[in-house]
Amino acid sequence: MRIIKGRKRGKNKKPTLILKIHVIQAENIEALKTFNCNPVCFVTTNTFYSQKTNKLKNSNTHWNQTLRIKLPRNPTSEWLRIIVYDALPTGAPPTTPSRPRTTTANTSSSTLSNSGLSSHSHSSRNLNVTSKGNQTSTSINSVSSSATPAPSHSSSSLSTTGPGSTHKNRINSYLYLGEAKISLLDLFKRKDTTTSYKFSIEAQRYHLYDMKGGKDQDSLNCNFLVGDILLGFKLECNVKRTPTFQAFNAWRNELNTYLGRIDRNKARMRSSSSLPPPLEDMLSNSSAVSGNEIRREKPYSDTDLAHDEEVNAEDEIDAEESIEDMNSSGSICTERRYDIDNDTIFDSISEVVSLNDEELDILNDFEEADHPNVPDINVHDIDEDTRISLSSMITALDEYDIVEPEDVAKLPAVSENDITSVDDEESENQQESDEEFDIYNEDEREDSDFQSKEYIGSRLLHLQRGKHNKSYANYLYRRAKSNFFISKKEHAMGVVFMHIGAIKNLPALRNRLSKTNYEMDPFIVISFGRRVFKTSWRKHTLNPEFNEYAAFEVFPHETNFAFSIKVVDKDSFSFNDDVAKCELAWFDMLQQQQHENEWIPYEIPLDLTVEPAHAPKQPVLYSSFKYVSYPFLKKSFWKEAVDTSVNLERLDIIQVMLYLERLGSFTMADSFELFQHFNKSAWAGQSITRSQLVEGLQSWRKSTNFKRIWTCPRCMRSCKPTRNARRSKLVLENDLITHFAICTFSKEHKTLKPSYVSSAFASKRWFSKVLIKLTYGKYALGSNNANILVQDRDTGIIIEEKISAHVKLGMRIIYNGKSPESKKFRSLLKTLSIRQGKKFDSTASAKQIEPFIKFHSLDLSQCRDKDFKTFNEFFYRKLKPGSRLPESNNKEILFSPADSRCTVFPTIQESKEIWVKGRKFSIKKLANNYNPETFNDNNCSIGIFRLAPQDYHRFHSPCNGTIGKPVYVDGEYYTVNPMAVRSELDVFGENIRVIIPIDSPQFGKLLYIPIGAMMVGSILLTCKENDVVESGQELGYFKFGGSTIIIIIPHNNFMFDSDLVKNSSERIETLVKVGMSIGHTSNVNELKRIRIKVDDPKKIERIKRTISVSDENAKSTGNVTWEYHTLREMMNKDFAGL
């Protein structure tokens, strides 16, 4: 049972096929008989899925080992290669007595030189690969020899020096002997029939060929047969519930799809470039498998795989070949692969054996990254006068293709203009003007990863330019999207700068054990909405001096918030103690500032929260504030930017170009425009002054909208939020104007960072934070944890709902496991809910009213009635007329249906990603398949309103309209607590509910769904079908328990309020009341909320009690909820006789 819900690895991944190769022995290899060798066998499908046998001595080839390799989930080739090498003695030079000596030269990049080779010549190649960290140095030298051994075989020795070696200069060299190449598509076919497969192959002999020496032959012959190897195979699936047959079918379809796409791309290339078709690949060299190949035209189903017909097809060229200079017919084209995750290029022929044992193990354990589909080749723009002579071009060959020099000379010269791209139209669509290509559009979704661009077998080297050009364009686009932007729709009103100076006259605290006074170690926690700052602490002082600063943005919906300041005493081992607190309204601070960019000093008296409550002198916080508006910052941006980053008085064209290039995307022509603006000749040595540069940038069209600015002019960095900012999910300072203001201010002042979720969490000790994370989950805005954070919409106060520790832990264990889906658990919840409802309908339950009011500190001044006969009558109590009036008379405003904690999502997909984690959650299931053409996951927005037991439990109409026929849906009684909603259980789709259609003239038809929950007796409606209701009119009520109301509305003509959407995207519930605006049609603007100034501590405490319970009441009841005591009494009575 998991306490903390983590990410399930591999849940959505395809099953992996495990191929077991039983390598028994090699036979009839002449080199092993002639020389004293140390044979080793490598088995590989590509660089990352490779294994090798142990190294044997004295030419012994009886390995008798079983190697396990994973088949790639996204295969690009059907071939399995079994390569036999001779492991040369450690430290020995990579040469043999009968071979000419070779020389190696270490260079910083791979160098390849080839020598001529006739059909009777023998080539010796020496590869020296030195790896250190992430740097790889490779040199390959070929030396030809006129000697003609019989039968001759090409040798390839490779030297490696790796960090895992025992000695610093230890060399591991391998001499190539031969290999077998086996098709995985043919390997498991039964020989007696073509309609069935066998995934366990008994040991058979397979021929080993010298592939390097045999490349100049039209077909294999005995001259290049070097021996045999005895192999057995077995294919398995790593997922037990998935049959091997099904997994192999999926793997084969994936491969056929990939190869079919390659075939089509190369066919287009041949037709567009007028080049002759490529040379045919050599067939499989296995003597134990059929030479017939599979035609790759369509995916295979499970039945097709069992009853397939044998057909012939061509063996296509590998899509990932690189281009190598071919000056002779005996040269080897090296296949290269690109590791997206590690940005490391490996040679699949040689570097499979260039890695030491530790590196091979690591590579083999890698999970394969999901490669995107291979794109078609995109050709870069080519000059008209460019001509290409194919006789001097580099040809790209398959591993076994040979092009004779005379064949190359016969190829015609082709103009680059004759080479057309299959994606010209796509490339033109991507090339947009600066005005149309708005890379700062917030509505577009940013891609998280770079797409892999693989070379797909082009015959011309310059065709790769299109790939690099497209990749570079994508890089520029993503870089711009991930950097600063200027939002025209919504930006901060300005930036507030706060100076925390000092505190005077703090009281000496009294030690509870020694009864002596001591000086504290104070620090300050300052919160403004969801931003929480914490100063450093001062040791043993009652008059601490901090001299620290805080700077942050203020948005329009935060103008009614206040600064909450708390002084805390730091303790080394025990919990930190709150000492004093105070409040300062932001609106009051703004009214006292007379001039822009002016510091306003404050002496704020502090209210003590420790004994004695009245010190000899009242503590005072000395601080100052400054507010700078956004228009002022934008107007002075370029002057401050140039003064900060440019020290020269005059700048020439080169200096201007360098400066603009550091800021973002500017061309040489852009720099010329600045000089032309002042009638300056750029290349005549003339220059412009700093003031002219500022003036030009302020009036220049390309700089006034800030689209091309990618880095901060002061720090020259792009927008990369800190780890603490990502953890707390704060409003990221991604606006260039406000970031530059804060960045410039931080250069000269010690500035604090908003790194905490709440002021209570900022004052906790480190071990408390560790314990909370281990038991409840990561304490952060937006994380899936057991901490329920609610923000009051009027004041901006963020408070955590108080739930006892064992209740949190119990709910986390139950709803993250399989218990909720069990029949016994569902039956228990239903029985308890019905029993509790009957109990609270009895007159004896009236005695529970007073403890409930006391525990939740409820204010009953707005209640219409005072006397209640049963607890349920009190629970669904009515309020006095006029207590919950709509905020506006505009009929195109949608209002809150209940006093609740609200989360809203513009799309259903967002709600699934952020809040509702049920596996089977869908609008179709929630609405009981009501009008699925209109109400589905693609067309609707959703609002979720959760009612806690202490809330007013009558629900009201959110708009004007006509009530449709209510549909009652029976279901379960799961809790609607966010911990359960964020589990994999579909709470909303399984619980009891009523579907109420409302036909509104302004919003169209919407669904109003009251949902019952644990301990809810029933859902009662006070409206009937065809009733015409107005905004705020009562529709019904819940009996005892927590509950939820969901509103589903088509989003084609509707938008939720921006502050609710912002909070919901960070998993923060917003406290709303009946009549508050929650959204509007697209015809009207969002309702501007009236600022509510709350200075009275009693009112602030009342808001906190509405969200949670008071500290005193929580402690008096053992820090457990009132429902817990009720359930405990019921359980004690039921099981008293046991």
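In case you wondered, yes, glycine gets a Cβ from its N, Cα and C as well.
Your range for region 'Disordered', going by Swiss-Prot and the list 269-305, 1083-1119, is 269-305. For the domain 'C2 1' (1-122), the mean pLDDT of the prediction comes to 69.
Comparing Cβ neighbour counts within 10 Å across the recorded positions Asp571, Asp577, Ser1043, the minimum falls on Asp571.
In the three-state DSSP scheme, Asp577 (Ca(2+) binding site) is classed as strand.
Distance between Cα atoms for Ser1043 (active site, schiff-base intermediate with substrate) and Asp577 (Ca(2+) binding site): 37 Å, as a whole number. The DSSP secondary structure for Ser1043 (active site, schiff-base intermediate with substrate) is strand.
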